[in-house]
Amino acid sequence: MTQIGAVQSWWLGVTLQLILAGVLLQGFAAAQTTEPMRPEKGNYVVSSSNGTACLLASMGLQLNITFNSVSQNKTVQNIVNLQPNVTKSSGSCDTDTASLRLSTDAEKTNLNFFFSLNTTSNKYHLSNVSLSAAWPDMKEPVSADNSSLDFLRGTLGFSYMCREQQTLTVSPDLSINTFQLQVQPFGVSGDQFGAAEECQLDEDDMLIPIIVGAALAGLVLIVLLAYLIGRKRSHAGYQTI
């Protein structure tokens, strides 16, 4: 085989490897963003005594509850999507506290979110979540309450946004998966969310295509340099006599 033929064969092999690497990197990115079936997103508004909106929330919610099952006669974990079309919302707002109450199934499931505002730093967070549930398959009602949480941290006048799935662990028997979440418990102006402060999960998700693109660009550069070097060597083998 001539040197030119060898270079061409080498170039073809490297090109195939580049294509394979691109497919694998794309597969890796897809694997990183694979998510379970998402619950439907609900939009909830809490109004103050004068009728103006004081808390806005838009999110899909998925409850992970552990309880003693009547039908299975053992402890089970059940995952339930909250359905906005059968969910009633209420709540209250104060200077440094705000709450959102979601009730479904004729009050058989009551989920409460409590937000706190630090009036010195103008920072807010989700400080408490409580749940009471009495489903037909439960041997006894389930309740969970945690008042020492520090989730969904934002700034007064801004909304907190997290498009990616995140899990809020409330107790050993309860965790809540949120999807496409945007919430603003303080400093609401009109009926629209303020500018969004995005969660770290969203920022990390944006990095994946950048990393994949940079890796592919690096591979292309390496192959191009190797090809140019190979061509230079092949021409060196055919000097004029």
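The backbone N, Cα and C atoms fix where each Cβ goes, and this holds for glycine too.
Some features that TrEMBL has for this protein:
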SIGNAL    1-21  signal peptide
DOMAIN    39-188  domain 'Lysosome-associated membrane glycoprotein 2-like luminal'
DISULFID  CYS162-CYS199  disulfide bond
TRANSMEM  206-229  transmembrane segment
DOMAIN    208-239  domain 'Lysosome-associated membrane glycoprotein 2-like transmembrane'
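Sorting the domain 'Lysosome-associated membrane glycoprotein 2-like luminal' (39-188) by DSSP state (H, G, I as helix; E, B as strand; all else coil) yields 3 helix, 99 strand, 48 coil. Counted within 10 Å of its Cβ, the other Cβ atoms near CYS199 (disulfide bond) come to 21, all protein chains included. Cβ-based neighbour count (10 Å, all protein chains) for CYS162 (disulfide bond) stands at 22.
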